Amino acid sequence: MSSDVPLLNDYKQDFLLKRFPQTVLGGPRLKLGYCAPPYIYVNQIVLFLMPWALGGTGTLLYQLDILRDYTAAALSGGLMVFTAAVIQLISVYARSKPVVVRRMRTRDILAEEDQHEFTSCAGAETVKFLIPGKKYVANTVFHSVLAGLVCGLGTWYLLPNRVTLLYGSPGATAVLFVFGWITLCIGEYSLIVNTATETATFQTQDTYEITPLMRPLYIFFFVSVDLAHRFIVNIPALEQMNQILHILFVLLPFLWALGTLPPPDALLFWAVEQVLEFGLGGSSMSTHLRLLVMFIVSAGAAVVSYFIPSTVGVVLFMTGLGFLLSLNPSDVSMVFRYGVTRHRVGSSHEARPGNSGHWFPWKECFLFIAVLGMALLEAGLLHHYVSVPQVSRSGAQAVVGYVLMVLLSIVWILRETQSIYIFGIFRNPFYPKDIHAVSVFYDKQNKLLKIGAVRWILLTLVSPLAMVAFLALDSSLHGLHSVSVSIGFTRAFRMVWQNTETALLETVVVSAVHMVSSTDCWWNRSLDTGIRLLLIGIMRDRLIQFITKLQFAVTVLLALWTEKKQHRKTTTTLCVLNTVFAPFVLGIIVLSTLLSSPLLPLFTLPVFLVGFPRPVQSWPGAVGTAACVCTDSVFYHQMVPRLTAALQTAMAAGSLGLLLPGSHYLGRFEDRLIWIMILECGYTYCCINVKGLELQETSCHTAEAQRVDEVFESAFQREHPQVCSLNEHLENVLTPCTVLPVKLYSDARNVLTGIIDSPDNLKEFKDDLIKVLVWVLIQHCSKRPSTQENKTENTGEASPALPPAANSSPCPESLEDSESANSDWSDGSIFDDEPAIKNRKEKLQSKDLPCTKLPIPGSVDSQNPDDHSAGTGPKNDLYRTVILGLPAVDKGQREDVAYIPLVEFSCSQSRLLSLPEEWRSNSTPRSKILEMSALFPEDWYQFVLRQLECFHSEEKSRVLEEIAKDKALKDLYVHTVMACYIGLFGIDNGVPSPGQLVRVYNGGLPWAGTLDWLSEKPELFHLVRKAFRYTLKLMVDKASLGPIEDFKELTNCLREYERDWYIGLVSEEQWKRAILEEKPCLFCLGYESSMGVYTSRVLMLQEMSVHIGKLNAEAVRGQWANLSWELLYATNDDEERYSIQAHPLLLRNLTVQAADPPLGYPIFSSKPLPIHLC
């Protein structure tokens, strides 16, 4: 990115000057960008000031002592309801009146959609422009009533006498009154006239018109505090809050314009998430529905615990329910469904194999039951027999506190040994040195994982039970019930299981503070242990957020100064301003930390704003429902099960660090990038979302991908790393964690220059093609069920005599043609031909059931059920010559047309390998087939027959020998193989060109008289294309690995293709299916038109090393929050979004890709994936 690229080019500047004032004022469009009549602006000003006029009427009557304060508020509200209703009715009438709006001619294409021609001050087109109206009638009524409430309560809120009582200053009253009513007018205008485009946008589409409610919602909040202060007197804190909020009230327009205040839907989910996590001890959830359900259940648990009379009962209830609520809700529902099913089925469940326990998580279930039983027994006994009502520093609880300190130290040390860097700074001396020696590397890593197993035992079994003992011994549980005890201890007993590692840290901090502080201090005297843990939990979370936000801000500032490509003309100015106003910048960081909202760097420059608070997911839609799917998405789809299995081991051992909802990880292998986000965490499980980023690397993508490779290489691939050396890329948002062995597809692309265009290879290709055709057809016929054998059993009727072939009348539509309409023209039969053939044979058998005329034993049946149904009998069908599809010919040419008379095999078993009758009829001249038959490899043909495994009798070798000597069968294969060969290359037996090979490989046939004959037989066509692709792959292998020595080696090679390879095209559905079924190898041929070369692509399924690194979560949230701003106001010299430009330190391009569509464009996004850490 060059330094002179403007953040806002000309048309974006004009757009900003139109859009931003509209956002600030709540909707009035005072700058249109084209000439409009003055009444357009006058009307908007009148509508904007209408609430002030109505509220001013009530205020004036109150100041003149004509009305009481609440009466004046009611009068203003009533007038506003009437006015809003009239405005909405006018809008409905204008929209129902047909009007032709003519566009104004202009050269500014970008602004055309906003330009209209107005005819009168109160015309329909003017009204529709000023007041767009509501989509729903209910909203029309609701918003009108709501506007009246806002106006009435706002009048009451800003009464001069009331404001003077708060501040005692007429000057302050005047200022707050004027600017306060501007705030009210902004809120009213967006509600009843025209809604502004909000910078704080959460949903991509406002389907239910929630956006107009955003500004009135915050007005109601400010008014509610004032009402509470009015009716609840003698509370100094409430009075001070009311004074502060009155000042903030006049600043609301700027907070709305800057996008600091969240929209209602984001505010709801954020508030529920915060209360669930910090007030009730839960975790953010993977879906909004699970979040709401878990919040209701958790809140209900806290309420129920308040009404339990027995202290032992309270302890047991909190322990048991805290454990159950920390489990994966999906697992709990599975156990419930299993129990209901067992109850319904009863003793008859043995008759249903589908209900067997192979799918049920018995191991986890037994573990949970055992741990829950131990926890309940421990908590009940300790609380009843050991716990004392007095606080003591030398009691049993203090001893347990020391034990928890030791456990925390051990668990943290063991966790840090699993990652490449200790605290992300110093290289771990115990981690394997070099990944180049793969086997040695993984052997050493497995030893570390054994240490991780010790950590898992301490963290999953020992620590929760120790913390339950610490809480059960607390003296606060012996006192009378209070709200603080119910909330605090409900959360504490839940956190023990929900997030054991953070709960362990919080408990140790509380225990340590209690030991070192005085018993008379406010912390120990006024707060019980549950509330202390709650406050420590909030401080812990906010401290982590503050540190990561500060790291993010420093990285943005350093990148602007150190990265040459990020230099701009304003670089020095921005750096100086950030240094001078460092306290102000620090205050912004603190504010965003307190609100748990993203720190938004405008255009990823050190111009920081506070983004609006939002849930951890950052996006409103369901996880995994949106992605820009392409042909490469299937690689990530195949990868997900393997990756989750590898992540399960790494997460359980602690290789990925502290697992918290909202954490982001980046995986890298070959040219693929994986984005992993933790959605929720619980006892022995976490839920993740995996996104796959594009493989088609752009220049910006490549620049950041190279930096990612550098970060991982410096960590894992240094030949002689120093002990405890520093992380060389400490300033980067990516910190390497570990390497995972995952079975994935490696992708190799090669240029076939010198192979596919070699004359010698092309000549050998033609000879090999005939051999492969023979092998494919014999293998196909040997594996399919034999219908002829079924048809010839128990026959006692004599067959009709053979009529001369020359007198055969033209036959009706053949059986293959009748089936072609229902046949599946797909690539599924290339490697999976048996099921397709079986289905076709079943259709043939079902159609042949009514037939009573059976063929001569040893002959080829050619009955047509259509003829039978017509009553014509099979007399002429047995010996007909199929010549359909041929062009008209004269008698001289007629004699050269190939026909197949009745075939009589010398071996009775030959019929098992006979080709279908419809394949043997073709339009190829018989003389040409006879001429080309010399190319048929008879020795190879006999060798393939002798290698068949379809006969299992004791006389297998004798039967195969007889079949190999059957001349009729051989002639049948010669005729069909050579006809297919001619169908591929035409009548002229020339050397094919590379372009011709690629065309046939892709499924195209050269134009010839045999084209229709071959293409009209889908099954045969697919087999021929399969043989052609095998032959081309064989040519590439011979050029790379050397020539084939003998027939046995060739057979083994073809069997390997059949068993382990899929050879086809990337665009075929079978290619995707082969990847999902994990075919060991895949091959594809292509042509690179830009370079003019032929290429091959080979995929090999093998265990690969996937590098995993942890991203700065706040850097991700901040850049995602910045996207809406850039979509509105940013651009660059390529007319692209500014944010997709490469930023090697922030990984800006990759971060934008990982955002949910339409802002981002990942090519794959998984559903929430549960990972069981046990």
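Glycine is treated like the rest: Cβ placed from N, Cα and C.
Quick caveat, the model's predicted, so the values are computed rather than measured.
Quick look at what Swiss-Prot annotates:
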type: TRANSMEM; residues: 40-60; note: transmembrane segment
type: TRANSMEM; residues: 72-92; note: transmembrane segment
type: TRANSMEM; residues: 140-160; note: transmembrane segment
type: TRANSMEM; residues: 173-193; note: transmembrane segment
type: TRANSMEM; residues: 217-237; note: transmembrane segment
type: TRANSMEM; residues: 244-264; note: transmembrane segment
type: TRANSMEM; residues: 284-304; note: transmembrane segment
type: TRANSMEM; residues: 307-327; note: transmembrane segment
type: TRANSMEM; residues: 366-386; note: transmembrane segment
type: TRANSMEM; residues: 543-563; note: transmembrane segment
type: TRANSMEM; residues: 580-600; note: transmembrane segment
type: TRANSMEM; residues: 643-663; note: transmembrane segment
type: REGION; residues: 785-875; note: region 'Disordered'
type: COMPBIAS; residues: 785-797; note: compositional bias 'Polar residues'
type: CARBOHYD; residues: ASN790; note: N-linked glycosylation site
type: COMPBIAS; residues: 798-810; note: compositional bias 'Low complexity'
type: COMPBIAS; residues: 835-846; note: compositional bias 'Basic and acidic residues'
type: CARBOHYD; residues: ASN1122; note: N-linked glycosylation site
type: CARBOHYD; residues: ASN1149; note: N-linked glycosylation site
**Asked** Which range out of 244-264, 307-327, 543-563, 643-663 gives the transmembrane segment (366-386) the most CB pairs under 8 Å?
**Response** 307-327
**Request:** Which residue among the glycosylation sites ASN1122, ASN1149 has the fewest other Cβ atoms within 10 Å of its Cβ, if you could check?
**Result:** ASN1149
**Alpha-carbon distance [ASN1122 (N-linked glycosylation site); ASN1149 (N-linked glycosylation site)] in Å** = 13
**Paired segments the transmembrane segment (244-264) and the transmembrane segment (543-563) in contact, 3+ CB pairs under 8 A** = no
**Asked** Hey, which bits of the same chain come close to the transmembrane segment (543-563), Cβ under 8 Å, at least six residues off its ends?
**Response** 571, 574-575, 578, 585, 589-590, 592-593, 596, 599, 601, 604-606, 608, 731-733, 1112-1115, 1118, 1143-1146
